[in-house]
Amino acid sequence: MDLTQIQNPSFLKDMSISELEGLSEDIRKFLIEELSQTGGHIAPNLGVVELTIALHKLFDSPKDKFLWDVGHQSYVHKILTGRAKEFGTLRQYQGLCGFPKRCESEHDVWETGHSSTSLSAAMGMALARDLKKTKEYVIPIIGDGALTGGMALEALNHIGHEKTDMIVILNDNEMSIAPNVGALHNVLGRLRTAGKYHWVKDELEYILKKIPAVGGKVAATAEKIKDSLKYLLVSGVFFEELGFTYLGPVDGHDYEKLFETLQYAKKTKGPVLVHVITKKGKGYKPAESDVIGTWHGTGPYKIESGDFVKPKEVAPAWSAVVSETVLKLARTDERIVAITPAMPVGSKLEKFQKEFPDRMIDVGIAEQHATTMAAGMATQGMKPFLAIYSTFLQRAYDQVVHDICRQNLNVFIGIDRSGLVGADGETHQGVFDISFLRHLPNMVIMMPKDENEGQHLVYTAMQYEDGPIALRYARGNGLGVHMDEELKAIPIGSWETLKEGTQAAILTFGTTIPMAMEAAERLEKAGVSVKVVNARFIKPMDEAYLHDLLGKNIPILTIEEACLIGGFGTGVVEFASENGYHSALVERMGIPDRFIEHGSVTKLLEEIGLTTDAVVDRIHTMIPSKQKRA
């Protein structure tokens with residue numbers, strides 16, 4: 001079937017099961033071929049082909065509402081709703097988004113990117129439906145990994161209490177990104193083998209009937225045994241106790257079983273949970289055999305071999321530099337522990353986990369818990385390293401404020417994927433953390449200019465004992481600089497001069513330093529002398545350096561790959577104002593007041609005007625001179 005000719009899912013209504021099976025093969029082949037060129041979330045989508053087709057066949061989107069938790073598994077949904085022809089642009093600038101996008105299609109009723117939000121949103125839609133007295137199904141689709149998130153459990157509790165009509169699809173592939181952890185994962189594991197319960201229950205009931213009625217104690221004991229067995233083995237008791245009708249487990253690749261179960265769910269009043277067992281990566285052997293999450297989301301790859309197409313790496317990944325330095329320090333300091341909310345692979349903590357399994361803690365998709373747990377460990381003299389993506393640190397903001405900063409606890413937060421991350425787009429850009437951390441009392445924020453300085457700042461963080469400290473580091477690789485053998489502590493709040501200059505100054509840090517250096521060199525050739533400062537401590541700032549610089553009364557330009565509002569540049573302006581430098585000319589470059597879409601980082605920087613050319617032009621406008629332009 002030519003999938004690019006699909007306009008909407010209505011064609012599914014008249015298809016037989018054998019035709020649907022053929023469609024499944026076509027979709028898997030299409031996804032494997034298309035994503036080999038663009039990259040994307042291949043394994044999650046190969047696992048939900050039959051489930052997505054079944055949902056679109058039995059329900060009427062967009063009248064009936066599908067909410068895809070996290071959203072990375074929505075590619076099949078996009079194909080069935082008329083977007084197959086756009087897959088060549090997947091996750092590229094102004095191309096097809098890798099997550100549901102309301103402006104893309106009326107079938108995308110809820111936008112996602114972070115996990116565990118679908119049930120709360122579905123509850124809101126269902127309550128609105130009931131208040132408006134309309135009739136449509138609300139169907140959130142959530143994975144077993146996302147179900148470990150506290151927000152999802154809060155929603156389950158509320159939905160069950162209110163007895164709201166809703167069909168929750170639990171897509172259980174036994175993995176989120178990496179293998180799942182936690183007690184709830186173990187509960188689901190028991191449910192997968194719950195068929196054993198029915199045989200044991202029947203045998204127990206037969207035995208109980210043989211017990212003579214000789215006294216209350218025997219009868220009571222027998223009932224307790226029966227109840228205990230129920231809570232150990234009964235299929236779906238966890239969800240039933242929350243107020244849901246539990247259906248399953250059902251084979252998520254068997255159309256007949258899916259249809260039978262979903263039709264029953266449609267007729268059932270109140271909240272229903274359909275437990276669907278799927279195989280992540282189904283239909284592509286390299287993805288099917290992946291047990292650590294390598295094929296969850298990928299770049300381009302070779303279909304036949306399953307090898308990834310990657311440019312030759314000349315420098316280590318930022319995540320690896322940080323995690324390996326933490327590991328090096330952990331070998332001589334037993335107080336150091338590493339904590340991750342379900343991202344051990346992305347945060348490059350596999351080596352730490354292998355060497356110190358008891359000191360490496362993966363809490364699952366539970367950022368709030370991870371953050372406060374780190375705080376608790378700090379109260380007992382441990383040195384917790386919390387490795388968390390910038391975009392996911394947002395989910396634990398109150399815990400950072402209330403539990404870490406307020407108590408001034410020695411927690412080292414590794415803020416991975418800081419700055420623009422590119423193809424994952426609006427939901428994943430790491431551009432807000434400076435703005436929401438800079439104003440917190442006791443917090444120290446750093447970002448290195450290169451990987452060598454990065455390892456020294458990790459050492460600095462582990463030596464720091466005066467409260468919380470955060471290290472920002474970007475997605476991707478470093479610069480390939482020489483790495484010192486011996487680690488050293490860098491004085492807190494100290495900046496360094498990278499290039500001397502007398503006519504203007506650029507204050508910046510991290511990934512924008514090469515841009516600033518190139519701009520300054522071009523300006524030098526044009527006769528404009530510009531100082532470049534590595535403001536590696538975003539907070540506290542180097543106040544002595546700032547006093548000296550502002551006293552020279554030269555134009556200052558701040559550059560940051562982060563939000564302008566509340567950012568580093570704002571801090572410099574505040575310092576100048578509060579210290580009486582009222583004639584100071586300070587201008588800022590950074591991320592404007594909007595969400596930044598998906599695309600390559602280079603393209604996005606061009607689009608927002610954060611380039612070497614733009615820096616050169618800005619400096620020229622700031623200096624009252626007729627110097628020849630660079």
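The backbone N, Cα and C atoms fix where each Cβ goes, glycine too.
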Of the residues Glu355, Glu367, Glu451, Glu453, only one is listed by Swiss-Prot in the thiamine diphosphate site with His72, Gly113, His114, Ser115, Gly145, Ala146, Asn173, Tyr284. Which is it?
Glu367
State the count of C-beta atoms found within 10 angstroms of the C-beta of Glu367 (thiamine diphosphate binding site), not counting that atom itself.
27
Out of the binding-site residues listed (His72, His114, Glu367), which are within 10 Å of Asp144 (Mg(2+) binding site), Cα to Cα?
none
Near Asp144 (Mg(2+) binding site), how many other Cβ atoms are within 10 Å of its Cβ?
23
What count of other C-beta atoms do you get within 10 angstroms of the C-beta of Asn173 (thiamine diphosphate binding site), across all chains shown?
22
For each of His72, His114, count the other CB atoms within 10 A of its CB; which of these binding-site residues has the top count?
His72
Taking the Cβ of Gly145 (thiamine diphosphate binding site) as centre, how many other Cβ atoms lie within 10 Å?
28
